[in-house]
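Colleague: Structure provided below as C-alpha cells; questions to follow.
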Amino acid sequence: MTQTTLQFYNTLSRQLMPFDSIGPLRVGLYACGPTVYDYAHVGNLRTYLFVDTLKRVLQLNGYQVNHVMNITDVGHLVSDGDSGEDKMEKGARIQHKSAWEIATFFESAFLADLERLNILKPSITCRATEHIQEQISFIQSLEEKGYTYQTSDGIYFDTEKLPDYGKLARLDKQGLLAGIRVDMAEKRHPTDFALWKFSGGQKRQMEWQSPWGIGFPGWHIECSAMAEKYLGETFDIHIGGEDHIPVHHTNEIAQCQAKNGKVQANYWMHGYFLNINNEKISKSGVSLRLESLIEHGYEPLAYRYLTLTSHYRSHLSFSWEGLAGAQKTLRRLRDKITSLPAGGNIDSQFKAEFLGYINRDLNMPQALALVWKVIESEIEPADKKSTLLYFDQIFGLDLGKVVRVTIPDEVQRLAEQRQSLKQQGRYDEADSIRDQILAYGYQVNDSADRLYTITPR
Ligand code: AMP
Ligand code: ZN
C-alpha cells in the first residue's frame, strides 16, 4: 500500500474524488467492450489503453482488480436511439458472412490487438449472446416493478418513472422534450429505450424466444445484466468512452436504479476520443487500424507511448508525425535503459513523485516527463534502471524485456545508402541494396516520414 491517496475524476459528480473501494483492497471494474461487427480502430484502442492504465495503477496501489469486459455481439443498433439495423446483422450482410462468423472473427482480431498493445487480459470476458437468459430475467424484474411498456416493435424502459433519469449526462429532459429530434416511433418519451426488440416479420440470424415474443435484447441491458452477474448489484468503477455518457451509461444507471434501488457503480470514468484531422475516428467514418500502423513500420507499443503523452480526459489528435516521434522516443528510451547496469534500488523520491502523478487521476503526461528527469538525474545508473522499470509497470512499454540488437556498421551504411537512392527515385538500385542487407541477415522496414528501422530477419 502506498502513502499517496488515489483520486479519480467521477463523471457522475463532475469532481475529482478520493477513491474508496467497497471491499478492502478489492476493486470491481466493468469496462464496456467492443461491438464486434468490424475491426477495432486505434480510437477504440485508446479507450482500452486507458482502462489498462487505470487497472495497472490500481494494482500498483495494492488492489486486486476483478475486471469484467463484455463483447457486444448482438443488439447494438446503427442508431443509439434504438432505430435502424442491428450492427451485427448489417455487418454480416455487407461482408456476406453470418453474424455469428463475423462476431467470432472480429472478437479474435480485437483480442489480438489488445495483446499486441500489452494490455492485461480482463479477469472475465463475456459475450452478450451467451447471457440472454440473464438479460430476460433483468427485464422481467423491471416489468414487475412497472418500469416497462410494450410497443409494436419491443419492450421499452419508461424513463419518466425515474425522477433523476439522465443525471450522469446532466440531460435536460425539458429541452429534449421541447425540440424532439429523436426518432420517437411509438416511444412515450424521447429518452425511453429498448430493452427487448421483436424480430417482427424479418427472420434474423440472431434471435431468441422470450416471454414477450421472438427477438433480441437492447444494447444497454447486456452490460447491466452481465455486470450484476459477475460484480454484484453495486461495484466500484464503470468505465468506457465519452460517447457512453449521454446514452449507454445513462440508461444503464436508470435500469439498475429501477431494478435494485441502488447506484450501479460508485465511480464512472470516461476516456476522451482520439481524433484525426479534427474528426473522431469511427468504424463507420474515418477509421485507422493498429494493423495499418504496423504496415507503416511502427510498433504497437509506439502507439501505446503516444497515448501516454496526453491525459485520458483530453482529446488526442492522431498524426503520423506524432507517431513517428513516439516511436523514436521509445527507441531512445530503450537504448538508454539497456545501457544501464542492473542491480540497483528504486529511488524513493522519484517513486513518491511518480505515485503523486499517476494517483492523481492518472496524470500520465507528467509521469512520462519524469522518466527523462530520472535519466538526466545524478542518481546511480543502476538505481535509474530500477526506478524506470518500476515506472514501466504502469506504462506497459515492456522496457525490461528489451534485448539490445547491435546493427553492424556495414548494414547501417547500406541502409543509409538505400534511403538516399530511394529519395533520388533510383528504386531498382535501392532494391538491390535491400537484397544485400537481407543477405547480412537484416531487413529494412520503411515507415512514414522517411524513417526506417533495421531488424534481424
Ligand atoms: P464500440 O466498438 O463502438 O462499441 O466502441 C468500443 C469502445 O471504444 C467504447 O468504449 C467507445 O466509447 C470507444 N470509442 C469509440 N470511438 C472512439 C474514439 N474515436 N476514441 C476513443 N474511444 C472511442
Ligand atoms: Zn456497456
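The backbone N, Cα and C atoms fix where each Cβ goes, and this holds for glycine too.
All TrEMBL annotations are machine predictions without curation.
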Colleague: According to TrEMBL, Cys32, His248, Glu252 bind Zn(2+); identify which of Cys126, Cys223 is listed for that same site.
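Modeller: The candidate from Cys126, Cys223 that TrEMBL ties to Zn(2+) along with Cys32, His248, Glu252 is Cys223.
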Colleague: Of the ranges 34-44, 177-187, 397-407, 430-440, which one does TrEMBL list as motif ''HIGH' region'?
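Modeller: Here TrEMBL associates motif ''HIGH' region' with the stretch 34-44.
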Colleague: Starting from the Cβ of Lys283 (ATP binding site), draw a 10 Å sphere and report how many other Cβ atoms land inside it.
Modeller: 17
Colleague: For ligand 1, list the binding-site residues among Cys223, His248, Glu252 whose CB atom is within a distance below 6 Å of it, in sequence order.
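Modeller: Listed by sequence, the hits amount to none.
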Colleague: Using the CB centroid of Cys32, Cys223, His248, Glu252 as the Zn(2+) site centre, which other residues of the same chain sit with their CB within 8 A?
Modeller: Trp219, His220, Glu222, Ser224, His238, Gly240, His244, His249, Asn251
Colleague: Would you identify which of the binding-site residues Cys32, Cys223 has the most other C-beta atoms lying within 10 angstroms of its C-beta?
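Modeller: Sorting the candidates by Cβ neighbours within 10 Å, the top entry is Cys223.
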Colleague: Checking the binding-site residues Cys32, Cys223, Lys283: which ones have Cβ within under 6 Å of ligand 2?
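Modeller: Passing the 6 Å Cβ check against ligand 2: Cys32, Cys223.
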Colleague: Limited to the motif ''HIGH' region' (34-44), I'd like the whole-number average of pLDDT.
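Modeller: Mean per-residue confidence for the motif ''HIGH' region' (34-44): 95 out of 100.
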